[in-house]
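J.: Pasting in a structure now, in structure tokens, and then I'll have a few things to ask.
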Amino acid sequence: MIKVAPSMLSADFAILSEELKSIETAGADLLHIDVMDGHFVPNLTFGAPVVKAIRPYTKMPFDVHLMVTNPGDYVEEYAKIGVEYFTFHQETVPHIHRLVQHIKQCGMKAGIALNPGTPVAVLEDIAADLDMILIMSVNPGFGGQSFIPNAIKKVKQAKLLLEEVDNTSAVIEVDGGINDITCVPIKRAGATVLVAGYAVFGASNRAKMIEAIRTN
Ligand SMILES: O=C(CO)[C@H](O)[C@H](O)COP(=O)(O)O
């Protein structure tokens, strides 16, 4: 029921394919891929060419989190690569309904992410169409930050909202500062997909950490 999605942001990029193999063997359910543009967030990571290059190296479904000002420009490119979830930030797009439909028409699952300062209520009129709500529990841009506890309340609100619109298939994902301790209240609140970067890649035993996040 609970899925763990290690964030590639904390991998050693110099040996990326080995890092992917390592977390897949350790039991990761999804690969969380943080695409950052240096505009929407103050960090620049990688884009579609890198995501395409790593696709053959793992069977893990790709969970792409776009922290870019113009996510709509990349839908077809990521669809061709074969990503499972295409998640963009509500703060970046005025026409969220149009973009969600486009993502789905291109054969991907559509997610919307919310910064810590953005209320869940902005999703009221789109919640029925979503495959994922991503609650950020840090301000996006960097791995290894501390968990912001207000995310727990927002997960409960997102769960209620999805129930209200009768969307039981959408998942609630939480991203930022998740480890074997912070995962506990977040799961109790209703999150079922937990992103963890530093906690997993920095662990001496990655399999143990993934299992702890899943079962604690
Ligand atoms: O989206 C992100 C940053 O914007 C990362 O996915 C997130 O911070 C996960 O890293 P960590 O678990 O180390 O906090």
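Each position is counted from 1, following the chain as shown.
Cβ atoms are placed via backbone N, Cα and C, with glycine included.
I grabbed these lines from TrEMBL:
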- D34: active site, proton acceptor (ACT_SITE)
- D175: active site, proton donor (ACT_SITE)
- S7, H65, G141, F142, G143, G144, D175, G176, G177: substrate binding site (BINDING)
- H32, D34, H65, D175: divalent metal cation binding site (BINDING)
J.: Between any two of S7, H65, G141, F142, G143, G144, D175, G176, G177, the residues recorded as binding substrate, what is the biggest Cα to Cα distance in Å?
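T.: Between the outermost Cα atoms of S7, H65, G141, F142, G143, G144, D175, G176, G177, the distance is 17 Å.
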J.: Give me the Cα-Cα distance between the residue listed as 'active site, proton acceptor' and H65 (divalent metal cation binding site), rounded to a whole Å.
T.: 5
J.: Which of the recorded positions G141, G143, D175, G177 has its Cα closest in space to the Cα of H32 (divalent metal cation binding site)?
T.: D175
J.: For the binding-site residues G141, G143, G177, which one has its C-beta crowded by the most other C-beta atoms within 10 angstroms?
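T.: Per the Cβ count within 10 Å, the most buried is G177.
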J.: What are the other residues, in sequence order, whose C-beta lies within 8 angstroms of the center of the C-beta atoms of H32, D34, H65, D175 at the divalent metal cation site?
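T.: Not counting the recorded site residues, we get A5, S7, L9, I33, D63, V64, T87, L134, V195, G197.
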